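*Asks:* The structure that follows is given in the form of structure tokens.
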Amino acid sequence: MSMIYIRNAAQIATLSGASTKPKTGKEMDELDLIEDGGIVIEDGMFTFVGSNEDAFRYVESHSMSKQVLVLSAEGKTVTPGLIDPHTHVVFAGSREFELNLRLQGAKYMDILNAGGGILYSTERTREATEEQLIAETTKRLDRFLAYGVTTIEAKSGYGLRIEDELKQLRVARQLNAAHPVDLVSTFMGAHAVPAEFKGNTEGFVRTVIEEMIPAVAREELAEFCDVFCEEGAFTVEQSREILVAGKKWGLKPKIHADEIVPYGGAELAAELGAVSADHLLHASEEGIKLMAENGVIAVLLPGTAFFLMVQPAAARAMINAGVPVALSTDRNPGSSPTESLPFIMNLACLTMKMTPAEVLSACTINAAHAINRANVIGSIEVGKQADLVMFDAPNYLYLQYHYAVNLVDTVLKKGEVVIQNGKRVYG
Ligand SMILES: N=CN[C@@H](CCC(=O)O)C(=O)O
Ligand SMILES: [Zn+2]
């Protein structure tokens, strides 16, 4: 039985008090800060969080015969482990050549409709073995962890036929067991219409509903079901049918909504009581209002807008309307090839005018809600799993000020030190 005592943190952003409901409106600006703080961890859980003085006393009276590992957080800011609630991290290959096409004016959907984009990544992923996918994805998870990200959601959607969708999800499950980063899986068979169903989207929708969803659910390979509800991908009606079928099999709905054109995705998310609607660059005012009324979390992806060179989502309007906002990298091979959630946080602040406090709420407790894990992670509170990041920063504001550099000093996952002095110390 060991104990970890984190002493003299310049600032701890605990994000406490929002484990039952995501933060909305002004709550997103409140971090529950502790100056000169101390944290105690026992058996992988937080057992004391407060002033350093009180933490020291707790250690003195509770350590008994336990070994105590003391970590100095002097001059550092401590936050919950960062959470990324929207990734397509399991895939093979890369698409750097698309950048030149896009710089010459090609649009994201034109590349897809010409058989590239998601369909190019599908070919590479179908060709790859589970071992190859594990090797490629492990590198991405290592980078996530180096940036302070301790939990991610991971979607399928580059298989687009049953055996390869299952392959992607099995890889995510294996990595969840093997890597310090936790993965929460989402089935996204309706990511694009594969070449063999070209001109027969309806036929593909039937395959997703009648074959893929039951197979995924029977093997308990996913918790969520997602659909690319977009002009040129799946209509609102098709998306509804798929998500309702997913619900029947116990998969909670998520939606890629209103990314390229206004399409009614936000409204559909509200109608179905989706856990989240993601992207939302072109969400209607009515859609935003309905999301707020139905408690649908907006997962915003400013890195995708940045990389596709378009205007980001209206985060301020959503927060003002009472929609809980979370942020994500959208890690994928085409529209957002980055694992740097801290840089996405910088973009959220600088391009969507979210405050540094709102940004931190969006990448911790609200992100935890977006993957149904807020009872376990997302804040530094007694009884929660000890996932945390120590940043080389005197306060949380500094994270959005010293931008585009990696300020991560130390990362703890389930009470284990996995990054120390910015270097990996696991496996
Ligand atoms: N928009 C749809 N899906 C992904 C991109 C996937 C890809 O381009 O490979 C997204 O969320 O941005
Ligand atoms: Zn996505």
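Cβ from N, Cα, C; glycine included.
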*Asks:* For the Fe(3+) site that TrEMBL gives with His86, His88, Asp330, which of His179, His256 also belongs there?
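*Replies:* It is His256, as the record lists it for that site.
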*Asks:* Among Glu27, Glu259, which residue shares the 4-imidazolone-5-propanoate site with Arg95, Tyr158, His191, Ser335 according to TrEMBL?
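*Replies:* The candidate from Glu27, Glu259 that TrEMBL ties to 4-imidazolone-5-propanoate along with Arg95, Tyr158, His191, Ser335 is Glu259.
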*Asks:* Restricting to the domain 'Amidohydrolase-related' (77-418), report the mean pLDDT as a whole number.
*Replies:* 98
*Asks:* Which binding-site residues, if any, among His86, Arg95, Tyr158, His256, Gly334, Ser335 have a Cβ under 6 Å from ligand 1, given in order along the chain?
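*Replies:* Once distances to ligand 1 are taken from each Cβ, His256, Gly334, Ser335 fall under 6 Å.
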*Asks:* Among Arg95, Tyr158, Asp330, Gly334, please name the binding-site residues whose Cβ is nearer than 6 Å to ligand 2.
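*Replies:* Within range of ligand 2: Asp330.
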*Asks:* At the Cα level, what's the spacing in Å between Tyr158 (4-imidazolone-5-propanoate binding site) and His88 (Zn(2+) binding site), rounded?
*Replies:* 9
*Asks:* To which of the binding-site residues His86, Arg95, His191, His256 does the lowest count of other Cβ atoms within 10 Å belong?
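*Replies:* If we count Cβ atoms within 10 Å for the binding-site residues His86, Arg95, His191, His256, the smallest count is at Arg95.
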*Asks:* Do any residues at least six apart in sequence from His88 (Zn(2+) binding site), in the same chain, have a Cβ closer than 8 Å to its Cβ, and if so which, in order?
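*Replies:* Those within reach of His88 (Zn(2+) binding site), by Cβ under 8 Å and sequence separation of 6 or more, are Ala154, Lys155, Gly157, Tyr158, Met188, His191, Asp330, Arg331, Asn332, Pro333.
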